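Annotation comment: Swiss-Prot describes GLY194, GLY195, PRO196, GLY197, THR198, GLY199, LYS200, THR201 as ATP binding site, evidence class sequence analysis.
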Amino acid sequence: MLSVLHKLKELRILSQGDYYFAKLIADKQCHTDYAEPVKNLAILLAALCSWRYTQGNTCSQLDRYLEHNLFGLAYRTTEEDYLAEIHEKIGYLPVEDWQNALCGHMAFTQDPVNQIAPMAFQFGALYFYRAWQDEYRIVQYIKNTLKKYRTLAFSYDEIHQKLEKYFPEKQEKTDWQKVAVATAIKSPFSIITGGPGTGKTTTVTRLLLVLQELFDCKLHIKLVAPTGKAASRLEESIKNALGFMQEKMNVSHSLFNAIPQKASTLHSLLGVNAFNDYTRYNSHNPLQLDVLVVDETSMIDLPMMAKLINALKPETRLILLGDQAQLASVEAGAVLGELAQFVTQPYSHEQAAYLLATTGYKVEGSDCSNPIRDCLCHLTESRRFDKDSGIGKLSEFIQKGKADDSLELFDHYPQELHFNSLNDEGDAVNQVVKSAVENYRTFLKMLDDLRKQKIDPNAKNEQGISYAEAIQVQFNSVRFLTALRNNNLGVENLNKEIALALREQKLLWFRNEQDWYIGKPIMITENDHNVRLYNGDIGLCLANGKVWFGNREVLTNRIPAHEPAFMMTIHKSQGSEFKHTVMVLPTEVNPVLSRELVFTGVTRAKKELTVFADEKIWKTAIRQTVKRQSGLGKLLEDLN
């Protein structure tokens with residue numbers, strides 16, 4: 001079996017990690033008396049478990065589809081002979097017998113609660129043991145939290161009064177922001193979901209104000225997000241919401257100061273060690289917090305969510321914010337999607353009665369809902385896009401899978417939506433590069449004028465802001481996004497081609513695109529606490545040897561790992577928004593294409609969206625949803 005897997009590694013179907021994990025299992029079992037087909041099956045499943053995990057699946061359902069398409073070989077006509085060879089080496093054992101065949105094998109456990117092994121079987125699926133353990137820990141946390149806190153510390157009337165203060169607007173239709181705050185007051189674990197502009201951070205700001213009032217401003221609260229960029233956006237949103245409420249609702253000085261206005265990354269909060277799996281804060285040394293707010297939860301993978309849960313005291317109130325319609329985490333798992341799937345169920349009768357008493361809104365109640373439903377609230381009304389917004393309608397059509405209708409919208413909203421059809425890949429690169437040159441011309445002209453007039457970037461212009469800030473605002477008004485990293489239409493090639501085209505137009509001057517040059521935009525790709533730069537931060541080189549991040553300048557020799565940012569991936573854009581977004585899709589079908597990817601790219605745009613894509617590829621992507629295999633939903637179903 002190893003010889004076949006080695007060939008698949010040479011063909012780059014399997015990674016080095018996939019192959020060497022399988023080899024480890026082979027070495028461990030070499031002196032055992034397992035039958036040869038069983039040994040081969042164990043080696044196969046080790047490679048398969050690793051391969052599936054790196055694709056984002058926390059487990060692999062042992063079904064006929066998996067059996068007939070091992071490692072995706074069924075769709076590779078030149079490599080399909082390897083599939084036949086694999087089945088021969090496991091003695092043509094059918095998939096429904098795989099688990100029984102490995103009963104008692106040293107590398108597998110059928111009872112992961114009581115027995116540890118590298119891999120585990122559960123619910124007819126194959127797991128890495130650590131992935132099963134992470135899912136189990138999350139569900140146990142939710143189960144214990146729901147059971148432990150069934151009594152409210154405050155009366156319905158007290159909660160009602162606070163909600164009326166912070167939601168003075170009278171609405172006939174249900175104000176889901178108000179419902180979300182009431183839900184999170186009652187439950188020490190809550191999830192607030194919603195699309196872009198639905199007011200998740202505004203809602204959580206009101207929630208924190210209510211909680212601090214109820215607890216006499218004594219709560220220790222922290223704000224976190226998965227990336228530095230997302231943390232900055234959370235800070236900005238909280239500050240804006242607080243400023244508005246202080247002005248409109250007479251928030252006291254002490255209450256205002258009781259709400260944190262600084263956010264950190266999850267890695268920073270937990271003290272994650274970059275070289276191993278250890279975190280400073282864990283079950284033995286929990287975070288000393290009363291309330292933790294986590295934004296952009298869709299970006300959090302399974303292992304990180306398990307680490308977070310593990311570091312909380314039982315009495316800490318956890319509030320998760322996110323949009324399950326966006327892309328799931330880069331690494332394995334789709335935690336928010338699994339947790340939020342129960343939002344379509346009605347609330348329990350008990351929760352419905354509580355919401356009626358505290359918010360005045362009547363919601364549907366049921367005896368059959370999953371207990372986690374009472375912890376969830378989904379916000380539906382977008383404040384970013386009005387009812388006549390083309391971007392708003394397009395995002396709605398994409399979310400509903402209306403591929404054909406979505407294309408028609410580009411004709412109905414020509415001022416807001418632009419679709420450029422792509423066919424030939426070479427021509428597509430030229431089209432995208434030409435568009436980038438035109439869109440970046442303005443900020444580079446501003447920078448050139450600054451250079452010619454020998455003006456310090458930190459000097460103030462006529463509007464009272466620094467020239468550095470004005471140039472960055474112009475640069476950030478448009479953002480080019482692409483679906484891929486390695487491809488002619490991928491981020492690496494397009495960044496290079498755009499830089500060369502700008503030099504050809506005499507808008508940039510450099511010898512090598514890898515050099516530091518004035519006008520070069522960069523994106524930080526790893527956190528560096530010493531210089532306070534974080535993954536996702538965007539900077540501009542505005543003077544020799546200096547890069548500006550907002551009003552802060554950093555010497556180029558202190559910049560951590562980074563990459564050019566004329567173009568960035570849609571994945572990296574999560575948590576950001578731009579006045580004009582330009583999105584590029586590949587000209588051929590690619591596994592990365594999905595409805596979630598397109599939705600994420602489209603909803604980065606605030607005022608204008610330009611798309612470069614083949615019409616068939618656009619439709620295919622919208623019809624393709626991400627289906628990551630996980631056992632979290634199955635474990636949650638058993639909460640009843």
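First residue shown is number 1, and so on along the chain.
Placed from the backbone N, Cα and C atoms, the Cβ positions cover glycine too.
Recorded features from Swiss-Prot, shown on the structure.
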residue	record	Cβ contacts under 8 Å, 6 or more apart
GLY194	ATP binding site	LYS200, ASP323, HIS378, LEU379, THR380
GLY195	ATP binding site	ASP323, ALA325, LEU379, SER382, SER395, GLN399, THR603
THR198	ATP binding site	LEU379, THR380, GLU381, SER382, ARG383
GLY199	ATP binding site	GLN177, LEU379, GLU381, ARG383
THR201	ATP binding site	LEU234, SER237, ILE238, ALA241, ASP295, LEU321
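In the structure shown, across all protein chains, PRO196 is the one of the binding-site residues PRO196, GLY197 with the greatest number of other Cβ atoms within 10 Å.
The Cβ of LYS200 (ATP binding site) has 23 neighbouring Cβ atoms from other residues within 10 Å, across all protein chains displayed. In the three-state DSSP classification, LYS200 (ATP binding site) falls within a helix.
Secondary structure at GLY195 (ATP binding site), taken from DSSP and collapsed to helix, strand or coil, is coil.
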